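J.: Here you go, one structure.
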Amino acid sequence: MKLYAKLLLCSICVAFIAVRWSAPSFNEESLKGARVLVTGASTGIGEQLAYHYARLGAQIVITARRGNVLEQVVSKCREMGAQKAFYIPADMANPSDADLVVKYAIEQLGGLDYLVLNHIGPSPYQMWDGDVQHTRWLLEVNFLSYLQMAQKALPTLEKSKGSIVVVSSLLGKICGPFALPYASTKFALNGFFGGLQNELAMQKSNVSITICILGLIDTDSAMEKIKGYINMTAYPSHEAALQIIQAGATRQSESFYPWYTFYATLFRDWFPYLRDKVIQNSYTYNP
């Protein structure tokens, strides 16, 4: 075996051991009665987040655009054991809605322990067609509203020694095709909240930030988008949601799900030519 191959194998082993041994243990009881706001909670990962928090006995406020669907999710959350469960419809393309949602959650729950930012706006899965306006709109929904909600929630989270949990993507770490506007918003999230982690630490803040890097998850919207473009295993949304909750509860700075997202991020700059070839060959493109 050549030297560089041995070094690579050793690095992988060290990284794996470091991740397995450094992650703090998760105590489900710590979330009993916790005051949680989850965005994008009508379907997909956000819906699963709401159900897990409910099962763990948290107090929940959920938001998304469709009030009728949120009502059904809240009803199920109450059945599953949520101490309290409320919903508020909101459109995160409207800057005033972001403030109103945080204000509503604080009023209903008496404060916040967790702000879980998960919502995204719809975006076509295709080669970029030059539509700058759509990218600008998506930045408002997927990025700027996150900043606005974090800013609004920071004072109450400081008092409760709470956490901001940001649901991001491997596409915010590695450049892939067909989702450029979406990926741009995730790169922006990773950059901003990664920097905010350092600023809060330097200020000795009580607030932690967890950035969750997700790979392909089996939500209905994701499966519909990638059909005919990529053949890759999709991982369960309920497992992704539980991983997000555990990472936030244990105040990890960064979390990766599924396993390959960690290694893809770790080695992305080691072999750029190979990396790009793997990415390009993983997709189907028929001009």
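Every residue, even glycine, has its Cβ placed from backbone N, Cα and C.
Okay, these came from Swiss-Prot:
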ACT_SITE  Y182  active site, proton acceptor
BINDING   40-66, 91-92, 118-120, 182-186, 215-221  NADP(+) binding site
BINDING   S169  substrate binding site
SIGNAL    1-22  signal peptide
J.: Quiz question: given the recorded positions A58, Y182, which has the greatest number of C-beta atoms lying within 10 angstroms of its own C-beta?
T.: A58
J.: To the nearest whole angstrom, what is the C-alpha distance linking A64 (NADP(+) binding site) and Y182 (active site, proton acceptor)?
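T.: Each residue's Cα considered, A64 (NADP(+) binding site) and Y182 (active site, proton acceptor) end up 18 Å apart.
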J.: Rounded to a whole number, how many Å is the Cα of H52 (NADP(+) binding site) away from the Cα of Y182 (active site, proton acceptor)?
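T.: Pair distance, Cα basis, whole Å: 26 Å.
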J.: Reported as an integer number of Å, what is the Cα distance between Y182 (active site, proton acceptor) and S169 (substrate binding site)?
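T.: S169 (substrate binding site) has its Cα 10 Å from the Cα of Y182 (active site, proton acceptor).
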J.: Rounded to a whole number, how many Å is the Cα of K186 (NADP(+) binding site) away from the Cα of the residue listed as 'substrate binding site'?
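T.: Rounded to the nearest whole number, the Cα-Cα distance is 6 Å.
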J.: Does DSSP give A64 (NADP(+) binding site) helix, strand or coil?
T.: strand
J.: In Å, rounded, how far does the Cα of G46 (NADP(+) binding site) sit from the Cα of S169 (substrate binding site)?
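T.: The separation of the Cα atoms works out to 14 Å.
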J.: Tell me the Cβ contacts of G40 (NADP(+) binding site) under 8 Å, same chain only and six or more apart in sequence, or just say none.
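T.: Listed in sequence order, they are G46, T63, A64, N118, H119, I120, V167.
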J.: Using a Cβ cut-off under 8 Å and a sequence separation of 6 or more, which residues in the same chain sit near S169 (substrate binding site)?
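T.: Those within reach of S169 (substrate binding site), by Cβ under 8 Å and sequence separation of 6 or more, are Y182, A183, K186, I213, L214, G215.
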J.: Let me know the DSSP-derived helix, strand or coil state of K186 (NADP(+) binding site), please.
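T.: Where K186 (NADP(+) binding site) sits, the three-state DSSP reduction gives helix.
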